[in-house]
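Notes follow once the structure below has been shown.
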Amino acid sequence: MNKLYSLFLFLFIQLSIKYNNAKVTVDTVCKRGFLIQMSGHLECKCENDLVLVNEETCEEKVLKCDEKTVNKPCGDFSKCIKIDGNPVSYACKCNLGYDMVNNVCIPNECKNVTCGNGKCILDTSNPVKTGVCSCNIGKVPNVQDQNKCSKDGETKCSLKCLKENETCKAVDGIYKCDCKDGFIIDNESSICTAFSAYNILNLSIMFILFSVCFFIM
């Protein structure tokens, strides 16, 4: 009975790990961020200067860790902690399951994985946690080079770009939903609108006013 229970518990834990590591899908709604795709995974990217507190949620980060900011996010997957001692100190530390490498918190299993043109992610298809490479768009893992992102290859975009006048585009090594050619994002409505002569005129007027103000100052 104990062996059966132990086996059930082990399988439950492994399934839970796999489920938790595969939270981001094409249907994920990133809170205060947007969805991007690389060759082997999807992830949420934060808007402006926000940081990821988990795989789906972005929040404002604190600029300094002190007694008022304990447990507040100070970077992607990191938070301020209190370090007991004499005197007491405060520091920005990675969340459980992550390690700091080059000032970035990455999964523990990725500490010794080098990908080149891509990044290391957790392999959610493997019941044993391992780090694998997910490549920039235009590159794929090379089995002859320790699965690093050193081989040219295509990845089909799977993002659901459902807003009006937007489409999937490859930008700086990732797929993201962006405005179609001839359209520009309206910051107030977050909708892609036609970049017409009227828009150009408005920009020209703003540029002239800015130039006049600059020279007056």
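Cβ coordinates are placed from backbone N, Cα and C, and glycine is handled just like the others.
Among the candidates Cys149, Cys177, Cys179, the disulfide partner that Swiss-Prot records for Cys161 is Cys177. Checking Cys92, Cys94 against Swiss-Prot, the residue bonded to Cys74 by a disulphide is Cys92. Looking up Cys133 in Swiss-Prot gives a disulphide bond whose other cysteine, out of Cys110, Cys115, is Cys115. Sequence-distant contacts of the domain 'EGF-like 1' (30-59), counting only residues of its own chain at least 6 positions beyond either end whose CB sits under 8 Å from a CB of the stretch, comprise 23-24, 73-79, 118-119, 121, 132-137, 139-141, 149, 153, 155, 157-159, 173-177. The DSSP secondary structure for Asn112 (N-linked glycosylation site) is coil. Here the C-alpha separation of Cys65 (disulfide bond) and Asn187 (N-linked glycosylation site) works out to 32 Å.
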